[in-house]
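> My structure is below; once you've seen it, I'll send some questions.
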Amino acid sequence: MNQQLKNLTLPIYMDYQSTTPIDPRVMEAMLPYFTTKFGNPHSRSHSFGWEAENAVENARSMIAKLIGADSKEIIFTSGATESNNLVIKGIAKFYGNKKNHIITLVSEHKCVLNACRYLEQEGIKITYLPIKPNGIIDLEILKNAITDQTLLVSVMAVNNEIGVIQPLREIGKICRERSVFFHSDIAQGFGKIPINVNEYNIDLASISGHKIYGPKGIGALYIRKKPRVRVTPLINGGGQERGMRSGTLPTPLIVGFGIAAEISYNEMEKDAQHVNYLFDRFLNNIYSRIPEVYLNGDKDQRYKGNLNLSFAGVEGESIILAIKDLAVSSGSACTSASLEPSYVLRSIGISEELAHTSIRFGIGRFTTEQEIDYAVNLICSKIDKLRKLSPLWEMMQEGIDLKKIKWTAH
């Protein structure tokens, strides 16, 4: 292992689902808009404003191109959390007098689930659909859940915890046939997997800048123009972004977001090949050296930059402490402060014991083969040590069912 350390910088970043480092090309494009090109894009009376507006519109076009949309259908927001809130609350407010039912999945991101819970208090009926043990939606259950009161179906493209890719095309077809709006939080899939809003009949899509090697604090919402979808804005003000999101646009962040989208558009295939190769290398080496390791979520229908693994018999928190040379997480970054087992893992039927042993490893554009090999060696040696110390692992080897143990409180 010492030999491996020569050209490695520790800790190794493996938390690409929570955020990504800024691509140097993105940073370079942003810098002038912090210094000499500082105009307000809404100032129409001088060249500083025109220059900023042109930069914003170029970025808007690039973001639209990545999902096959028209640039007029892209609204800038502060991130995917705001976009999700704007869709779910805004569409319910606009159409709530006509239809009052929204469908989503139990495994959606917390901001979607909590926005839905907020609406329940306002009298909107929410259906939280279960998912199959592989993490994928059951399309028959979706079909049966839609009623004549259903306004919106909200299903994320790629799950942030387990990486599974939902069948967006099939969901979009069902929604279009039943005249229901289809929203997808595509933050984890945008720029990583091909997504076309017209082919998939997506009416609204939430996007984040910092998941695609762009800056934090900027995101977007795609809102279909034909057939037109309406939302009531959350923020009132000067009427920017076609009245849907008032406030002065942050030109440097938008420029960075646009360049990040352009790079993703041009290099998506190259990035995917790189990530897929490292995924296979990582997983095959782990499987060959450690018994009783489980990949959570469907192995094939997933974005392979996400490996959520359960290591039976060892607590996730103790693994994180043992492998502190790797920046990883247990659960999503938004909920990793909680000691509760991940609600996403519980929703695919994983036992509480196994859910507590889960770690999410992220692979991205800047991950190297050397880093993967170092990570595998470190994980294997530490898991082996932790299992030797673990009475739970010992009991499992003796065939004792942990569910039947009666624990004594002290």
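Every residue gets a Cβ built from N, Cα and C, even glycine.
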> Where Swiss-Prot shows A80, T81, Q188, S208, G209, H210, T248 binding pyridoxal 5'-phosphate, which of N54, N160, N276 is named for the same site?
N160
> Looking only at Cβ atoms, how many others are within 10 Å of the one on G209 (pyridoxal 5'-phosphate binding site)?
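A 10 Å sphere around the Cβ of G209 (pyridoxal 5'-phosphate binding site) contains 32 other Cβ atoms.
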> Name the residue among the binding-site residues T81, N160, S208, T248 whose Cβ has the smallest number of other Cβ atoms within 10 Å.
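It is T248 that, of the binding-site residues T81, N160, S208, T248, has the fewest other Cβ atoms within 10 Å.
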> From the Cα of K211 (N6-(pyridoxal phosphate)lysine) across to the Cα of T248 (pyridoxal 5'-phosphate binding site), what is the distance in angstrom?
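If we compare the Cα positions of T248 (pyridoxal 5'-phosphate binding site) and K211 (N6-(pyridoxal phosphate)lysine), the gap is 23 Å.
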> Given the pyridoxal 5'-phosphate binding site residues A80, T81, N160, Q188, S208, G209, H210, T248 in the record, what is the largest Cα to Cα distance, rounded to whole Å?
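Answer in Å: the longest Cα-Cα distance is 30.
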> Here the recorded positions are A80, Q188, H210, K211; which one has the lowest number of other Cβ atoms no more than 10 Å from its Cβ?
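Result for the recorded positions A80, Q188, H210, K211: minimum number of other Cβ atoms within 10 Å at H210.
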> What is the separation, in Å, between the Cα atoms of K211 (N6-(pyridoxal phosphate)lysine) and Q188 (pyridoxal 5'-phosphate binding site)?
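Cα-Cα distance, K211 (N6-(pyridoxal phosphate)lysine) to Q188 (pyridoxal 5'-phosphate binding site): 7 Å.
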